[in-house]
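Pulled from Swiss-Prot, these are the features on record:
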BINDING   D44, A45, D46, Y47, D48, S93, L94, E127, R150, E186, K302, K326  NAD(+) binding site
ACT_SITE  K129  active site, N6-AMP-lysine intermediate
BINDING   C432, C435, C456, C462  Zn(2+) binding site
DOMAIN    641-719  domain 'BRCT'
Amino acid sequence: MADALIPVEDLSEEQAGQELIRLAAAIAHHDALYHGKDQPEISDADYDALKRRNDAIEARFPTLVRSDSPSQRVGAAPAGIFSQITHARPMLSLDNTFSDEDVADFVASVYRFLGVMPDNSIAFTAEPKIDGLSMSIRYEHRKLKTAATRGDGTTGENVTANILTIKEIPTELPADAPDVVEVRGEVYMAKSDFLALNAQMEAEGRQTYVNPRNTAAGSLRQLDAKVTASRKLKFFAYAWGEMSTMPAETQSGMVEAFKRWGFPVNPLTRRLTSVEEIIAHYREIGLQRADLDYDIDGVVYKVDRLDLQARLGFRSRSPRWATAHKFPAEQAFTTVEAIDIQVGRTGALTPVARLEPITVGGVVVTNATLHNADYIEGIGNGGERIRPEGHDIRIGDTVIVQRAGDVIPQVLDVVLEKRPETSVKYEFPKTCPVCGSHAVREKNEKTGKLDSVTRCTGGFVCSAQAKEHIKHFVSRNAFDIEGLGTKQVDFFFESEDPALMIRTAPDIFTLKQRQEASSLTRLENIDGFGRVSVRKLFDAIDARREIALNRFIFALGIRHVGETTAKLLARSYGSYAAFADAMQEAAPKFGEAWNELNSIDGIGEVVAASMVEFFKEPRNLEVVSRLLKEVTPLDAEAVTASDSPVAGKTVVFTGSLERFTRDEAKARAESLGAKVAGSVSKKTDYLVAGPGAGSKLDKAREVGVTVMTEDEWLALIGW
């Protein structure tokens with residue numbers, strides 16, 4: 001791992017969005033190598049770390065989840081070796097929890113969303129999280145029809161012939177089973193069978209396999225079903241897709257139905273009614289983990305009643321009614337050989353510990369994040385001491401390294417007894433190591449305290465920031481220019497040739513013109529390019545001369561403005577001209593424009609201030625002005641279409657709702673394309689008022705907003 005990453009808890013929304021783009025590309029690459037070619041180039045643990053970082057970021061920023069998120073697809077898109085099957089119901093992923101407190105928060109969120117008091121106990125099921133390959137098996141008229149891998153969550157590979165070789169999976173269901181049944185579960189290889197297979201491979205002088213999960217996945221994708229049959233794969237059923245009729249009203253009842261129909265179900269599954277019982281069962285499974293003949297990496301909790309699952313519904317990527325409680329991270333000891341500083345797109349200076357190579361959880365670790373200057377000193381973001389004796393981290397120290405949800409491990413603590421006598425305190429740089437500009441810690445306007453992050457003040461003068469900004473600009477959820485990847489951006493940015501250099505985003509759109517005017521430096525003659533690839537690059541650039549407003553705003557790289565915030569802004573202002581005018585009018589940070597900006601649901605004072613500061617900076621205005629000469633941002637209405645009667649409308653809920661909780665009403669409105677705001681303004685389209693409505697109702701009447709009852713709202717949305 002050449003570069004350290006900012007820890008999840010220190011990411012801004014903007015940084016998180018960019019990191020999710022990087023992770024999606026990396027995981028898709030490794031999925032394609034493994035699932036498409038059966039040629040993995042990283043270990044199982046390293047792959048898991050990528051997935052865990054992605055999940056950790058999405059758990060902290062759930063609104064940033066994109067359509068190509070690994071949590072939506074878990075695996076590669078079908079590679080073409082097998083035919084494809086579209087799942088009748090998508091195979092989604094679960095959110096992860098890592099502590100008892102996280103589990104308690106999950107349970108509390110269920111009660112809170114449903115509007116149920118804790119003394120009305122809700123039952124949960126708890127089952128081991130099998131470390132295998134997810135599978136959906138479809139039966140029609142009780143005969144096994146098809147079997148598909150999870151694939152990208154929407155489309156999987158047809159592995160029916162290979163599934164038929166797994167003796168534990170019935171080919172025919174009993175007479176009481178519905179006409180259409182999709183049973184979902186996990187295909188896995190027992191540890192004992194894995195060890196026996198590797199012993200056989202070693203005896204034959206062949207390369208052994210890495211772990212049971214990867215072996216099971218590769219075995220299931222064999223073109224010769226006889227090979228699959230020889231691998232002795234097994235199956236646990238725990239979920240379902242399409243069902244013509246439901247055989248039970250609870251999760252536990254469904255599992256019992258699977259058992260009656262002849263499917264193996266996990267014997268450690270329990271039905272529990274309190275956080276204490278859930279945690280106790282987690283501990284019990286953890287104690288048995290080493291003795292089980294199959295790999296598990298946690299325990300999955302689900303709300304038992306299916307009607308409550310339906311009410312809780314889904315976030316954009318995962319159910320609200322389930323979570324996966326992962327087992328603890330692994331730790332190891334090593335030595336800090338050096339501390340380097342990396343500069344990010346927003347100027348953040350992130351210290352990175354260069355470590356003596358050590359294996360943690362099956363992965364060789366050479367780098368670990370040190371978060372920020374305070375962390376090196378043993379101080380947390382709130383000013384508290386984060387190590388037992390408040391000691392600092394120094395070059396030469398023996399440290400405890402942990403791998404958890406992050407790709408890059410963290411240095412947890414220092415072994416003071418092994419500290420060299422010659423060690424000296426690390427001095428955090430006061431200037432940027434890239435451009436030499438002052439490095440400062442900004443004061444938080446709300447708390448009055450210094451931010452934990454030290455930032456370079458160089459802006460676009462700093463080559464590290466400028467280059468990273470271009471990478472952000474061309475990224476998937478911004479301008480998404482095919483052919484301008486990391487290597488290509490590095491090449492163009494570092495070039496000193498006027499016909500090739502790209503130092504700011506507008507330079508991308510003048511590249512073709514500069515190439516046509518040059519008689520000397522032809523891009524097609526440079527190693528790594530060529531006539532066809534150059535033509536495709538220019539076509540890709542020209543295809544982005546018109547772009548959706550939300551993508552344009554996101555691409556500007558405004559600090560704290562991530563993909564979701566950009567969508568909110570595009571929906572609220574409609575056109576770039578209106579958006580830019582509003583930012584200028586809001587610059588004094590008071591008045592109607594400022595208040596309107598702050599009233600947009602999901603945008604607070606910190607984000608609003610960052611936006612108006614961006615548009616006050618002359619250098620930014622100059623770059624945007626040049627960009628607008630090359631690119632046309634399309635009005636939001638021109639790129640947003642929906643049959644929903646409330647799509648694009650702004651809705652405010654006030655008073656008591658009788659049919660739904662406030663969270664349920666908000667989730668339903670947003671799923672139909674509406675924007676739910678927290679306060680009434682001239683931009684509000686509907687105010688849904690229940691009993692006890694107060695000042696918001698008065699304000700709505702004052703500014704002429706349409707007011708409706710809960711029943712009228714439900715009639716409007718067709719509920």
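Heads up, the Cβ atoms here are built off N, Cα and C, so glycines get one too.
Swiss-Prot feature annotations superimposed on the structure.
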residue	record	Cβ neighbours (10 Å)
L94	NAD(+) binding site	19
K129	active site, N6-AMP-lysine intermediate	22
R150	NAD(+) binding site	23
K302	NAD(+) binding site	24
C432	Zn(2+) binding site	24
C435	Zn(2+) binding site	18
C456	Zn(2+) binding site	27
C462	Zn(2+) binding site	21
The domain 'BRCT' (641-719), counted residue by residue under DSSP: helix, strand, coil: 27 helix, 14 strand, 38 coil
Shortest C-alpha distance to C456 (Zn(2+) binding site) - which of the recorded positions L94, K129, R150, K302: L94
Length of the line joining the Cα atoms of the residue listed as 'active site, N6-AMP-lysine intermediate' and R150 (NAD(+) binding site), in Å: 16
Cα separation, L94 (NAD(+) binding site) to C432 (Zn(2+) binding site) (Å, whole number): 40
For C435 (Zn(2+) binding site), the one of L94, R150, K302 that lies nearest, given that the binding-site residues are compared by Cα: L94
Non-site residues, in chain order, whose CB comes within 8 A of the mean position of the CB atoms of C432, C435, C456, C462 at Zn(2+): V343, G347, T431, P433, V434, G436, S437, A439, T457, G458, V461, S463, A464, Q465
